[in-house]
Amino acid sequence: MTVKGLETHTPMMQQFLRIKAENPDTLLFYRMGDFYELFFDDAKRASQLLDITLTKRGSSNGQPIPMAGLPYHAVEGYLAKLVQQGVSVAICEQIGDPATSKGPVDRQVVRIVTPGTVSDEALLSERRDNLVAAIYQNSKGFGYATLDITSGRFMLSEPETEEAMQAELQRTSPAELLYPEDFTQMHIIEAIKGTRRRPVWEFDLDTARQQLTMQFGTRDLIGFGVEKTERGLSAAGCLLQYVKDTQRTALPHIRAITLDSKDHSVILDAATRRNLELTQNLSGGFDNTLASVLDHTATPMGSRLLKRWLHQPIRDTKQLNHRLDAIAAFKDTGMFIEVAEVLHHMGDLERILARLALRSARPRDLARMRSALQSLPQLADLLADIEQPRIGELAKYSAPMDELCELLERAIIENPPVIIRDGGVLAPGYNAELDEWRDLADGAKKFLDDLETREREQHGIDSLKVGFNQVHGFFIQISRGQSHLAPDHYVRRQTLKNAERYIIPELKEHEDKVLSSKSKALGLEKKLWEELFDQLLPHLERLQNAASALSELDVLANLAERADTLNYCRPELTDQTGIEIAAGRHPVVEQVLSEPFIANPTSLHHDRRMLIITGPNMGGKSTYMRQTALIALMAHVGSFVPAEAVKIGSLDRIFTRIGASDDLASGRSTFMVEMTETANILHNATSKSLVLMDEIGRGTSTYDGLSLAWASAEWLAEKISAMTLFATHYFELTELPSMMDGLANVHLDAVEHGDEIAFMHAVQEGAASKSYGLAVASLAGVPKAVIKRAKAKLTQLETTGHQQAIKNPSKAPREEQQLTLLPEPSDVEEALAKVNPDEMTPRQALDELYRLKALM
């Protein structure tokens, strides 16, 4: 619907269409009394998305106007549903007074709720960051900026390749993504729900610099270290303007922008984040992830920080040791228990402060802030007993703020209502004038009780009652049977079926006074509420620093608790390349097993750069590889790790090529996905990388797969010298350690008992003797007849060779042997190899010929 032809509509509908034209890409919630109404296509769309009734109102061009509505008091629930579906909503409120308005009451859009810019508690997942992001691209690479409006955290980066950009998108998982209308790499963002197409000019670099310096109150951006990041700044400028447009208010909590440099991080590509299941499992849930084991934080803001740490391990050994020292101090003193108990009272201070900055904080937000401030002295006392530099530094930032605490204690009642609209939030004694107006309003009940008693007794009307409603105000009600007793000065106001209602001058005078006092008390309370924000906002930076310190204290105390409870050890960080793990365990798998986890060692160093891992399917190869990567990652987060001892050098990247499935959306087969991930590793791994390669070459023919696996292993070992765990079912690869330096064979052990198999899950030196494939198939429930036939076919393949067995599928001996890719020599071939015809007599030669004939 356009704004053309407005004259054919009612004044109210004309107003709606004008406002809708200014907000074409959002659902417009148009306030009408106690409801938000939607019209035209918005109504149709909302009825489908929210499962609400679609009705009609008036007409347009002879056609009824579609309409849908929802009660204003239930709007949060509906907004939550829309935001989860990536839909933005413009909230249009009545700002004029209906009593004084000529025509439609004035309305305007007061805020735009979008998936990435919501700050309302009811619309957010408390333990996950909610980011709005912008992406930009030119010939040199990508620019990427993210903003968490609920904390003010503003970051930018400049990924150079498509793979790096995809990794950033997966790491940050934005709820909303802005992109320029000329963006060409749409396939990398199509999976994101809340994408927003923006004009190219919104990414203008000069405009971006101007926007950012204005926001931060600086002359330039040199102090933030982002002056030369032109691609990133283009994205950041568009992002900041979008947030300003949607919030319609100042953003004082966004005080800086930070360059997210990959030089200081252990880089994890998209496949690695997915395969290691850091915060999301392969099914898209949270269960059985690393975060599900490690996250026992006391506050939502601590939980979010821990997840950021897991997704961005760091290389700075000094910073890592600061974290490890703090965890050790909490663990050794046992203070993590008491600290966690105090932190539980802190709530989500970080997001409360964001709502304060946006002036959208609710009464219970400030009550929770008061509770947090009241807990700071107790926390300070606990931290004072721990002599550790990092904890001491954090304690300074989270020091008590007595003056702010006292202000909130004076201002807010103990249990305030949800919203300020109806008053009753500010405490008695906070403001003398407010107390006076409240006393006038509160005195109404006694006056009415006295009036009712007096009138009833004076006129002998026992059915007389004094009441009030919103339409008629105060009234005296007399039953129909006694209405003839009403005095002459009673003025009839309303007639009901069984009663009459009257007004008298004294009651009217009191009504005016009461309504006036209530109105003035409410108006004054709302004014004082806004002034309370003005008193708190100058302390915003200090409060944000405290929230940041409390978040880190929460994570460190939590990791100390996890280390103590789960028997983790402190990793030793060195400058030498290598990974030495004694009795390592998988942090997630050991928590879900009913029996004890079998711990295993890992040793990778200059003279042992690659482990060729063989063993039966289900024997634990993938678990062993993943646990090594997770232990390495946890060490680079600054956490204790599940092992008896760990010594690890600095890593630059962790790669995983584990498992694969079809990427139907991109038209890529399983094998194509596998080869793409392999190519990424071979191009980008270095001697400081940890590489996990699991079953390369499964998705193609046997010999193609073996060739690719062999060549990939050679390249990783010789050209890159990366620390590599290379699991394979190609036993031919176990020859590599005898042909090249720096490689070793290990295997996962298993024991067969007749037709049954027992997995030992223990890593042993040397190659596996067999694959146990048929035993695993039997364990999986494959029909016995199929297993029997497979054994026969296996024997034929071993005996006659691959091609001959295919040509004669029915001639299958029944002896059980182990399959290898390149068949071992047959008995005849081995016998012939030992024969020396020059040393044989004719009789011996004839006998040997008969013997060989018998072997066939």
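The backbone N, Cα and C atoms fix where each Cβ goes, and this holds for glycine too.
The ATP binding site annotation in Swiss-Prot covers Gly615, Pro616, Asn617, Met618, Gly619, Gly620, Lys621, Ser622 and rests on sequence analysis. A simple way to gauge crowding: the CB of Pro616 (ATP binding site) has 24 other CB atoms within 10 angstroms, across all the protein chains here. Following the DSSP three-state reduction, the secondary structure of Pro616 (ATP binding site) is coil.
Residues annotated as region 'Disordered' in Swiss-Prot: 798-817.
Residues or ranges marked as compositional bias 'Polar residues' by Swiss-Prot: 798-807.
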Here are the binding-site residues: Gly615, Gly620. Which has the lowest count of other Cβ atoms within 10 Å?
Gly620
What other residues of this chain sit with their CB within 8 A of the center of the CB atoms of Gly615, Pro616, Asn617, Met618, Gly619, Gly620, Lys621, Ser622, the recorded ATP site?
Leu748, Ala750, Phe759
